[in-house]
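Participant: The structure under discussion is supplied below as structure tokens; questions concerning it will follow.
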Ligand SMILES: Nc1nc(=O)c2c([nH]1)NC[C@@H]1CN(c3ccc(C(=O)N[C@@H](CCC(=O)O)C(=O)O)cc3)CN21
Ligand SMILES: O=c1ccn([C@H]2C[C@H](O)[C@@H](COP(=O)(O)O)O2)c(=O)[nH]1
């Protein structure tokens with residue numbers, strides 16, 4: 001059997017695999033590039049980005065990964081010139097001093113990161129920090145003490161590890177010395193192995209070895225040169241098995257490191273450096289390295305640099321090397337590319353530990369959000385029950401607190417036309433939020449009242465209510481004969497985008513769950529695609545915070561929840577009832593339009609609001625008292641005459657008031673808009689009657705041509721005579 005010669009292992013020749021590429025889906029036929037060996041690395045990254053599996057990982061980042069890709073093979077010397085080659089990647093600057101220092105640190109058998117840190121090399125700092133060691137159960141270790149990692153296994157395999165300070169001279173197996181001995185004395189040995197994988201010690205290590213198993217091979221090709229003593233000079237080849245390969249950060253280091261180790265051994269053993277072959281198990285690209293690597297793979301590699309080892313030939317040992325012994329000539333890489341070293345579990349713990357209030361994000365007392373699954377589609381829709389009562393009482397007693405409740409996701413094609421609003425979301429005083437589509441592409445979530453006749457286009461736009469979003473109205477109450485004694489109420493109040501939303505992922509959710517495909521796959525596991533009214537609800541909570549901010553800038557430091565709700569609903573758009581009563585049972589008063597709401601807050605002559613009976617606000621021109629009904633007079637608030645200039649206008653006015661708890665309206669207040677000789681009533685369109693069911697009323701009056709308008713809140717009936725009722729009205733007028 002003749003060993004293969006250096007020259008036969010051409011650049012990018014690929015491995016001599018037994019299986020044909022098509023039989024192993026993770027293997028790709030090597031691309032045919034004219035020359036540069038660096039393309040093996042770049043092509044592997046391209047394959048991972050194109051075909052890698054998106055997987056969760058220990059660090060919580062997520063990776064794209066391929067298992068057992070083609071080996072990479074690098075030549076370590078130029079047969080023609082005899083010059084040594086260092087495969088140091090050129091498509092980004094690799095921190096060579098750190099690579100050399102780390103290698104010498106392994107060779108020295110050191111297991112503490114401190115000497116590296118002292119040289120300004122921080123690559124092991126993350127794994128040696130107090131927090132990290134504590135997180136992997138190594139609290140008894142000093143900072144920097146990584147346990148029996150590479151250096152210890154290379155030089156003292158099998159010795160009992162105490163700590164990084166102990167002198168282990170003479171203990172355990174010095175694998176590296178044995179490798180040198182065999183290369184010198186028994187070059188045909190098939191057992192020239194360096195293994196860092198020691199199962200008995202894994203638990204004591206800060207990080208189990210990634211580059212874990214190397215084998216060396218001395219080849220004697222036919223044309224091998226003859227040495228002074230008449231023997232043939234061998235050529236040294238090495239192969240590395242690396243179980244876990246961080247393509248962006250670790251692998252450029254690992255390639256250079258094992259190439260250098262092979263060069264050192266060749267020098268010490270008087271061998272010609274041949275090739276380094278890199279075998280990978282899990283070859284991965286961290287999700288947050290994707291952009292950097294996409295940039296890198298577009299670059300054109302330059303020549304690998306030349307290595308010169310400045311060490312005299314006498315008394316050569318594998319020990320005692322210094323960084324200065326290596327000279328690298330002609331390294332002219334492209335610019336460095338920053339890639340983050342991955343956050344590890346301990347950092348997540350740390351964040352949670354240091355910020356106990358971080359999860360859940362809590363905006364109380366200004367905004368609170370409740371979402372609870374209570375409605376059972378198999379039984380029946382719940383009406384206004386104990387939960388709704390509790391919520392309404394709470395809000396009535398805390399009138400500055402905005403409570404948002406997700407309408408829930410119980411609508412289905414099969415019960416089209418039915419309503420699903422129940423218990424919590426049936427409360428009068430909260431803001432019940434349904435979901436509409438978003439501008440992000442999505443499919444399958446358009447509400448389809450007639451599934452049998454449905455078209456195939458199910459994408460849902462931001463003007464459509466999402467298929468799943470629970471429909472209103474609330475359940476009417478009936479007497480034993482089935483007669484409606486109290487009709488249904490308008491719910492949800494508003495909708496907001498809740499399809500294919502990309503919210504921050506809670507780290508309480510398992511990593512597997514965070515990266516699984518839902519409405520799309522996020523490339524960053526801190527974010528995930530989700531749909532639901534519980535996606536729409538926080539979005540409205542954010543809108544409420546913005547509205548509060550705008551109100552505060554306007555001088556309203558402590559506005560009531562009713563005012564916030566009135567402002568929000570006043571500018572919400574119901575796409576199916578633009579000119580009618582302005583509401584329906586899919587999206588309530590419509591999709592929120594927060595910028596439009598904010599625009600109306602700085603009072604212009606054509607928009608305004610009152611926060612009637614708000615005792616928390618100190619003083620403001622527009623502040624008015626609460627409505628009060630006595631035995632002789634009905635409570636009324638009437639705005640000053642609002643002057644409208646030339647032309648046709650559209651007026652929208654909204655009344656919201658915190659009604660005391662109870663299924664029926666306790667205090668029935670109506671909204672009336674008067675213009676010239678005609679008037680419109682809340683929620684009635686152009687009909688003459690009044691709404692006796694809802695404590696949210698809106699008037700949309702298109703084509704208003706009168707010169708003056710007045711807006712009126714009028715008590716129709718109070719359950720308790722002489723009681724007081726706070727109320728908020730917001731209005732806006734626009735030229736048509
Ligand atoms: N996730 C991860 N990837 C690794 O490659 C890795 C670990 N962890 N933990 C332990 C060792 C340490 N190694 C590292 C660690 C950091 C860099 C790194 O940050 N390299 C930067 C330059 C660093 C500097 O300038 O200080 C680079 O851009 O290559 C490289 C190798 C390889 N290892
Ligand atoms: O020399 C190294 C050391 C580490 N890595 C990478 C490979 C992985 O991304 C992490 C180790 O995490 P595990 O969960 O233990 O696999 O570090 C590397 O590429 N090269």
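Any Cβ shown, glycine's included, is placed from N, Cα and C.
From a predicted model like this one, the values you see are computed outputs, not experimental measurements.
Features from TrEMBL:
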REGION    1-35  region 'Disordered'
DOMAIN    40-341  domain 'Thymidylate synthase/dCMP hydroxymethylase'
ACT_SITE  210  active site
DOMAIN    385-590  domain 'Peptidase S8/S53'
REGION    434-488  region 'Disordered'
COMPBIAS  452-472  compositional bias 'Polar residues'
Participant: With DSSP assignments reduced to helix, strand and coil, which class does residue 210 (active site) get?
Facilitator: coil
Participant: CB neighbours of the residue listed as 'active site' within 10 A?
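Facilitator: Its Cβ shell of radius 10 Å holds 19 other Cβ atoms.
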Participant: Can you check how the pLDDT averages out over the domain 'Thymidylate synthase/dCMP hydroxymethylase' (40-341)?
Facilitator: 94
